[in-house]
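A.B. asks: The structure that follows is given in the form of structure tokens.
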Amino acid sequence: MGSGQWHMEKRSTLKNDSFVKEYNPVTETGSLSIIVLGASGDLAKKKTFPALFNLFHQGFLNPDEVHIFGYARSKITDEELRDKIRGYLVDEKNASKKTEALSKFLKLIKYVSGPYDSEEGFKRLDKAILEHEISKKTAEGSSRRLFYLALPPSVYPPVSKMIKAWCTNKSDLGGWTRIVVEKPFGKDLESAEQLSSQIGALFEEPQIYRIDHYLGKELVQNMLVLRFANRLFLPLWNRDNIANVQIVFREDFGTEGRGGYFDEYGIIRDIIQNHLLQVLCLVAMEKPISLKPEHIRDEKVKVLQSVIPIKDEEVVLGQYEGYRDDPTVPNDSNTPTFATTILRINNERWEGVPFILKAGKAMSSKKADIRIQFKDVPGDIFKCQNQGRNEFVIRLQPSEAMYMKLTVKQPGLEMQTVQSELDLSYKQRYQDVSIPEAYERLILDTIRGDQQHFVRRDELKAAWEIFTPLLHRIDKGEVKSVPYKQGSRGPAEADQLLKKAGYMQTHGYIWIPPTL
């Protein structure tokens with residue numbers, strides 16, 4: 001262990017049973033039909049089906065109740081779909097342990113082919129679902145239908161119409177119909193509101209689950225617990241003690257294979273306006289009156305509505321060199337592959353504290369983290385401020401971890417200071433615990449009817465209100481992207497903006513993950 005780490009013994013994890021009883025939704029019985037629309041696409045193969053398999057393998061999907069349907073335009077058989085997804089469900093290391101479960105899971109999958117705007121296709125889908133419900137003796141319980149739209153947003157309206165017209169729950173004994181829609185939810189405020197109105201005319205808000213997989217990440221979900229269950233942070237979490245907040249997303253690869261798609265959206269629409277802004281809400285929100293989903297989402301909306309308009313001088317856009325070499329990208333593209341923007345929240349807790357949102361592709365590393373940087377110690381008698389400030393870092397990926405950067409005495413005979421850390425690395429503390437993937441958690445929440453980690457319509461609207469004016473200026477070429485080298489930290493102008501915002505970088509400090 002490093003000199004500044006906590007000593008963490010392996011011990012049983014204590015659970016608060018009263019919390020579990022109060023906030024876990026009641027388990028329902030009856031048939032459960034999970035319909036994956038866009039079943040032959042990359043999202044379904046790489047994320048949706050693997051998440052469903054892991055839930056099945058862990059016992060969260062009862063084979064006596066559940067059946068999974070794939071729907072897409074591809075004319076393939078049940079077995080061909082199973083073959084397409086088989087390789088994504090288990091890795092070589094765990095294949096032998098999961099052979100039996102994999103076989104049982106694949107047998108639950110049935111495929112229906114048809115267009116996304118065709119009555120006949122959805123009538124066939126409904127017939128297949130009804131046959132499943134009858135075989136599962138739905139008369140003994142409710143009929144539940146979950147539609148996962150692993151599709152481009154352009155087909156959400158026609159698909160939603162077909163589901164509403166032909167495929168909703170028909171049981172007299174209760175149950176539900178729910179739809180899950182993926183980002184992007186529009187390209188700006190107007191298109192997002194239009195999409196919301198089209199879907200909202202067909203389904204009630206409690207039926208609509210707008211998924212942002214960042215809200216399913218373990219340490220993102222930990223944010224409310226960290227803030228409101230630990231007395232340590234309560235008096236510190238404000239403008240009197242915090243100098244700035246940085247929320248960072250980096251990828252070490254470019255847009256290979258999807259340059260044309262990415263060029264329509266850019267890094268702000270792809271990452272910052274949704275993923276990073278959702279994290280900001282959890283960092284900045286006030287304590288909700290309870291853990292009910294609506295109370296939490298009410299507080300998130302208040303944060304978004306308190307963000308003042310973004311200033312162009314507090315934005316740096318970048319585009320990595322070689323991006324336009326992709327034949328699907330226009331030669332004169334101004335689409336940013338990197339952006340740093342400062343958001344400011346006009347309320348009593350956060351006035352004057354810059355929230356720095358930063359995301360980029362083709363950078364020097366792949367990671368995502370939250371950095372809460374505290375102010376300097378007043379009257380510093382050790383003269384050590386140039387070594388760096390206290391900083392609470394939450395590493396979202398890879399290798400989930402939390403650590404607090406502290407100044408301590410360096411071991412030895414002299415009174416010298418050095419930066420170290422108090423460290424909680426999840427892989428060390430929870431060696432025997434399987435940390436679920438974000439999609440597993442969110443799909444399970446959907447089945448349970450828990451909307452806490454999904455985006456509400458007014459929340460979506462408020463998020464687009466923040467970024468739409470800036471995005472329109474970028475689209476018109478009024479804010480330019482500057483070039484940066486692949487494998488770098490991004491444009492130098494971004495570091496200058498951070499310095500101007502008051503972020504103090506700790507030069508020479510490197511966090512070393514503990515050895516297991």
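The backbone N, Cα and C atoms fix where each Cβ goes, glycine too.
As annotated in Swiss-Prot:
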ACT_SITE  H275  active site, proton acceptor
BINDING   G38, A39, S40, G41, D42, L43, A44, K45, R73, Y156, K183  NADP(+) 1 binding site
BINDING   K183, H213, Y214, L215, G216, K217, E251, D270, K361, K366, Q397  D-glucose 6-phosphate binding site
BINDING   K358, K367, R371, R395, Y403, M404, K405, D423, L424, S425, R489, W511  NADP(+) 2 binding site
A.B. asks: In Å, rounded, how far does the Cα of Y214 (D-glucose 6-phosphate binding site) sit from the Cα of A44 (NADP(+) 1 binding site)?
C.D. replies: 17
A.B. asks: Under DSSP, is Q397 (D-glucose 6-phosphate binding site) helix, strand or coil?
C.D. replies: strand
A.B. asks: When you put K358 (NADP(+) 2 binding site) at the centre and draw a 10 Å sphere around its Cα, which of the binding-site residues G38, K183, E251, Q397 have their Cα inside it?
C.D. replies: none
A.B. asks: Just counting, how many other CB atoms are there within 10 A of the CB of E251 (D-glucose 6-phosphate binding site)?
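C.D. replies: So the number of other Cβ atoms within 10 Å of E251 (D-glucose 6-phosphate binding site) is 18.
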A.B. asks: Expressed to the nearest Å, what is the distance separating K183 (NADP(+) 1 binding site) and H275 (active site, proton acceptor) at their Cα atoms?
C.D. replies: 10
A.B. asks: For R371 (NADP(+) 2 binding site), which residues of its chain lie six or more apart in sequence with Cβ-Cβ distance below 8 Å?
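C.D. replies: Non-local contacts for R371 (NADP(+) 2 binding site): V245, Q246, I247, V248, E391, F392, V393, I394.
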A.B. asks: Let me check the 10 A CB neighbour count of K405 (NADP(+) 2 binding site). How many other CB atoms are there?
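C.D. replies: I get 23 for this one.
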A.B. asks: Using DSSP with the three-state reduction, classify G38 (NADP(+) 1 binding site) as helix, strand or coil.
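C.D. replies: The three-state answer is coil.
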A.B. asks: Output the one of R73, K361, R489 that, of all these binding-site residues, has the highest number of other Cβ atoms within 10 Å of its Cβ.
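C.D. replies: Its Cβ has the most other Cβ atoms within 10 Å: K361.
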A.B. asks: Kindly assign K358 (NADP(+) 2 binding site) to one of the three DSSP-derived states: helix, strand or coil.
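C.D. replies: Note: K358 (NADP(+) 2 binding site) is in a strand by DSSP.
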